[in-house]
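What follows is a short report on a single structure.
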Amino acid sequence: MASPNLRHGRSTSFRDYSESEKLEGTGSLDFGWTTIEPVPLPVSHVNLEFLLEGERVVAEGYGVVLVNTDEAGTLYVTNFRLLFLSEGTRNIIALGSIPLATIEKFSKMVVKNQSGPRQSDKTSSRRLLQIIGKDMRIIIFGFLARTKQRRAIYDALLRCAKPARLWDLYAFSSGPSKFSNASPKVRLLNEYFRLLGKRSHNASMSMIEDGSFTLSNELWRISNLNSNYTMCDSYPFALIFPKCISDEEVLQASNFRARCRLPAVSWCHPGTGAVLARSSQPLVGLMMNMRSNADEKLVAALCTQLGGGKGTRRKLYIADARPRRNALANGAMGGGSESSSNYFQSEIVFFGIDNIHAMRESFSRLRDYLDTHGTTSSDGMSSFLRHGGWTWGGGNLSSMSASVSTLGDSGWLIHVQSVLAGSAWIAARVALESASVLVHCSDGWDRTTQLISLASLLLDPFYRTFTGFQALVEKDWLAFGHPCSDRMGMPTISGSENVPLELSRQSSTGNFPSSPMRQSSGSHTSQAPNSSHAQNNYSPIFMQWVDCVSQLLRMYPFAFEFSSAFLVDFLDCVLSCRFGNFFCNSEKERQQCGVSEACGCLWAYLAHLRVSEGSSHMHYNLFYDPSKHDSPLLPPAAALAPTLWPQFHLRWACPSEAQAGELEAQCRRMAVKFSELQKVKEVAERKAKETAVAMESLAVDLRNEKKISSSALNLATNASKENEAIKRAVETLGCKVHFSKSGDCTVGIESNTTETRQKSGCSPSRREPDGNMQGDEKPDLSVSITMMEDDGSIGRVCETLCPFRTRDGGCRWPDAGCAQLRSQFVGLRANFDAFDRLSIYDSYFESE
């Protein structure tokens, strides 16, 4: 491959160093593509807003270059992660920031620059630090020559990256914080109750303490035989067994299986009674002739009678995840596989899935391939690629095909396909034949867990939701003893003080063409020689299973409540060891360490992320429609053609290609817009409802006003009639009343003896309770007449004409007299209530 023309000459200034990191000599960092001249500037410490709770800085280096992206910045080592901040923006660079627990290995590299023909051999060398992550990234940092910075970073990684003790991990120092962890045992029991159809029961710690969780249905029962982990230290405290098998028979059967991991029910069909069971390999010995009556009886009890059949028992498949040759080889160590002649109505099937060491090597080759042919290669190719270059010489089709074909040489996709095919076959036997399946490999905690949990995911729609996915992982991976610490390279509680600290190994090698930097002359200094497969139990088994789930999500986009982004974040949480859920190798060890109480919970953290944005959060699958796939997923063999998982495999090597597809991104934007419009609609509808209520209230007020107006009109009409009546009554007294528009009136009084006309002014007035008249207020259905003169004639008129005058000169008019003699006022009040109280016989009809 032609060597690319790498660019030169970019100079970037950096800050000076602290007293502990003074330059050992003058010099600059020249990688061929970047030249850095250190300029003395004041040192600034890391912005505290970037640090998590309990996170503290252990070491720092300035003027560091991230070779993958040709970006300069500051590198910090904390007790949780490597943190790389851009020199210009002071923002975190995601590629250069990695949790310490996610680092698989790291090493120092010294690569000498190639000298020209007239240059001396004392050319400065490149001081590099290579970081290889478990999350598919390979990153390289470049340091200034003749400084102590790389040594400081390297020593900090030695102390913090792979602690010898479990409780030295960051999760223990940070504590549970707000992501507290409820008891996993309670959640396991609730899942058991669901499987047995006992949804009305709710598990609690008191139920666990007193052992009252041993419920059962017509076929299966929950046993507390392993509550103290005395039968099997890698199994959960509660197990489901056939109801017809006693605890004594269970104990006898456990001795016939490797590590006492006897057959136990993992999932049962609620309708047909078929089950998925798991175990380890039987101890049949080299001659394959060892037997156990208790084990055979327990396995036969998994084949319950078919519903509606006349005593017909269902078929049992024993699925051995290993290649047949490996199963036979295990016979030399006492293991092996079952014989169908010894187990009732059974059939033995071998799936041919390779062991953890083959998976580790395959993953390493895949990672090297992506790093070599990606756009952010760890050897500095990124600068060349960003300016239109290619990773194959000249970009011709043959070299492109040869490069792509090396992806198949990694074997990763073949292994993923094998796990998918085996799980689909198991699910089909349960769904189509109502058969029971017993799955095992050697120890029953790696390939067995992959197959049993993936088959459950295909069979049960509940496991394709957020809640169900958590229950599935906690049951089949954590409770049933997948050795998480061993597979992730973390310390365990057993013998952690005596385990040698292996922090770095040689880079994985494969059949891949070397990149220009890999071909360059130089020395590669590693920490320790590569350990053998027998001594290294690290393997990406769980990561491979999540990869299989992503393949199913791609095939059935409507069947899963969660998205591929959720799987990526979930896997990052597992690899980072920020939370304690995946610590230790078994439920027993996590209980001994008090992980649930001392560390945070990744499920609570992920749920907290989703709450922030609701259903529009990226963890939710926009296409999820539970009605489309409310039954088992049974993918045909032709559909099981896995591809690279872009969101996870390509996010570091090919960032632009790792983004979600344009359709999904556009759909998510539309969903967010729809959500915003929905909120606007709700606000508008609420305002419209409030307006309608206000209008109704106004309409009621208007109707009330109309009633009041009508009542007032009626009162005015009545008042007018009363005025007329009063006028006529006054006229009967010999007075003439003339009303004016101003409210005044003129009253003329005629006497029987003397015709005297007097003028008087009349204005509306109201009598107060004390008898006084209030002249500035309007009358209440009354008219007052004020006399201008008083010559005694008024009294005579009253005495002569008033029918209520008594013989002795008194007045029988109720509530005050109608006239006040020898006064200038004569009041006449029309009080109809008073009229009502008068007797008709009071005046007009006096008795003779």
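Cβ coordinates come from backbone N, Cα and C, glycine included.
The shown structure was predicted, so the numbers you read here are calculated from the model rather than taken from an experiment.
Look at TrEMBL and you will find 197-649 tagged as domain 'Myotubularin phosphatase'.
As annotated by TrEMBL, substrate binding site applies to Asn355, Ile356, Cys441, Ser442, Asp443, Gly444, Trp445, Asp446, Arg447. Under 8 Å, Cβ to Cβ, and six or more positions away along its own chain, Trp445 (substrate binding site) finds Ser234, Arg261, Ser280, Phe480, Gly481, His482, Pro483.
Annotated active site, phosphocysteine intermediate per TrEMBL: Cys441, in sequence order.
The compositional bias 'Polar residues' annotation in TrEMBL covers 504-532 (among others).
What TrEMBL records for 753-763 (among others) is compositional bias 'Polar residues'.
Here TrEMBL flags 765-780 as compositional bias 'Basic and acidic residues'.
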Nonlocal neighbours by CB distance (under 8 Å) for Asn355 (substrate binding site), same chain, sequence gap 6 or more: Arg322, Asn326, Ser442, Asp446, Arg447
Cβ-centroid neighbours of substrate site Asn355, Ile356, Cys441, Ser442, Asp443, Gly444, Trp445, Asp446, Arg447, 8 Å, sequence order: Ala321, Thr448
Mean predicted confidence [pLDDT] for the domain 'Myotubularin phosphatase' (197-649): 86
Other C-beta atoms that fall within 10 angstroms of the C-beta of Asp443 (substrate binding site): 20
Cβ neighbour count (within 10 Å, all chains shown) around Cys441 (substrate binding site): 27
